[in-house]
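Read through the structure below, which is laid out as structure tokens, and then see the notes.
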Amino acid sequence: MQNRKKILTTCAFPYANGSLHIGHILEHIQADIWVRFNRMIGNEIYFICADDSHGTPIMIKAKKNKISPEKMVFLFYKEHKNDLSKFNISYDNYYLTHSKENYRFCKLIYKLLKRKKLIFSKYISQFYDCKINMFLSDRLIQGKCPECNSEKQYSDNCNICGANYCSTDVINPISILSKSVPIIKKSKHLFFDLPKFEKFLKKWIHSGVLKKENLRKVSEWFKNGLKPWDISRDAPYFGFKIPNEKEKYFYVWLDAPIGYLSTFKNLCDKKEKIFFSEFWDVNSKSEIYQFIGKDVIYFHSLFWPAILHGINLKKPTKLFVHGHVTLNGEKMSKSNGFVIKAKTYLKYCDSDFLRYYFSMKISSCAKDIDFSLSDFMNKVNSNIINKIVNLASRSSSFIDKYFEGYLSYKIENYELYCKFTSLKEKINKYFQSNNISFIIYEIIKLAELANQYFNKKSPWKLTEESKDKRNKLHEISSMGINMFYIIMIYLKPILPNLSKKTEDFLNISLKWENINKPLLYPHLINKFKPLCNRITKSQINYIKRESTIK
């Protein structure tokens, strides 16, 4: 067994102003697979997330729905937590940023940064809506991105190219609230002095924390020099008030990443023998891994590590960056309803199936992943049902009928068995590097090999009463069970539902350290029951109908 690591893993926080869709779920599945594997090999790992619970969109939606922002945030928090649990996302703590702990951390960090002269104030030009007499924060303005010219972008950052810019730089601005053209008015804001961290950040991003493709993107932001970061917003705003400032609030992108600290502290307070300093102390030997989408890499690779460095806390060990999920080749959009909600999917399909389909496409690169319902159905039925589960069904039918559930005394084809077990280190590396699609490729090759073996041996021809044939039948069927057993050990972090049913069926836990130990007599398996069902066209049609997808 390797040296036991201490690891903290986080996902970027879902925003508490709407239901989750399958695009959101990708990141949580990706991280959960990585976490489950690390638990499986014996690492001490904690997995946390929270709802991002502040900001203008929440304030606006709550007002529109005639509900308080606090109540709306809590309702979505409960919904998100429930959806994620049904996808078997195994968080040790799922919290929200609108919490006492997070406000305490925000005030403390602000105080520390200010003491180090890393916070300064200055008057800025800001959009102001004369029709409703209020300053307009970033999410209340839409216009054309000044970097890539994409239309309908918010005035703080672009969802298309990822650029972060001054709100008044947006082209052809329009107020979302009144649909009028805003004027520019002066307002005092507070800034975090990001340029002071340029030397540190250049070194940090080259420390192995980012993949080369992400590194190239982040490096571009240094070309024109880093700019101070506006960490304040004018009232009205739903968030935390800034101490000793009138009508000023912490910008959501300041308090949201601080939520990584407060959510973990909340876990430490609830559980014994988990110590905050063991993970966040600057000299800690623990490791911190963060799973994020490519659209928030700017905040996680520049602002957040700079703040951690400014307050002398540990920086992330690695950022795993993923792409977006497209639907039939098109970008999903909440505004026009072109999404598959998490709860709609769960109503009709096993959560394992989405975990599997995404796993076929997850790699360490930040490429977009396309979701096609027809391809989803075909791949799940072909690979999980026909190739993997069917292997268990075919093998167990003979074990149950002729041998009362007992497996044979020996492995029928030891060379083939070793082909299955010899992939252990390769698959270990793929899990650790987050190249899950490579694992699926290897596993499907194994499943095909197992079924070819079974077909070639034709055990159904060996059911006669002769002792030699019965022994051979026993060994071949037990070989099929052992190949299925190894496949399912490899798949355990990916398919928790199927793994639990497999453990019940095989009468043994699926443990990484047992891969090289075959199941032999007197091991007894239980009578086979269907482990999962095929996806039908009617299920797909129901999802399409409820998601208004053609």
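Using the three backbone atoms N, Cα and C, a Cβ is placed for every residue, glycine included.
Secondary structure at C158 (Zn(2+) binding site), taken from DSSP and collapsed to helix, strand or coil, is coil. Same-chain residues at least 6 positions away in sequence with a Cβ under 8 Å from that of C158 (Zn(2+) binding site) are, in sequence order, C145, E147, C148, S150, Y165. Swiss-Prot lists C145, C148, C158, C161 with the feature Zn(2+) binding site, giving sequence analysis as the kind of evidence.
Sequence annotations record features per position, and here Swiss-Prot assigns ATP binding site to K334. Around K334 (ATP binding site), the C-beta neighbours below 8 angstroms that are at least 6 residues distant in the chain are G18, H21.
In the motif ''HIGH' region' (14-24), helix, strand and coil residues by DSSP number 3 helix, 2 strand, 6 coil. The motif ''HIGH' region' annotation in Swiss-Prot covers 14-24.
Here the motif ''KMSKS' region' (331-335) has, by DSSP, the following mix of helix, strand and coil residues: 0 helix, 2 strand, 3 coil. What Swiss-Prot records for 331-335 is motif ''KMSKS' region'.
Reduced to three states, the DSSP call for C145 (Zn(2+) binding site) is coil. In sequence order, C145, E147, C148, S150 are the residues of the chain that are 6 or more apart from C161 (Zn(2+) binding site) and have a CB within less than 8 Å of its CB.
On the 0 to 100 pLDDT scale, the motif ''HIGH' region' (14-24) averages 96 in the predicted structure. Cβ atoms within 8 Å of the centroid of the Cβ atoms of C145, C148, C158, C161 (the Zn(2+) site) belong to the same-chain residues P146, E147, N149, S150, Q153, N159, I160, G162, A163, site residues excluded. Each of the binding-site residues C145, C148 was scored by the number of other CB atoms within 10 A of its CB, and the lowest score belongs to C148.
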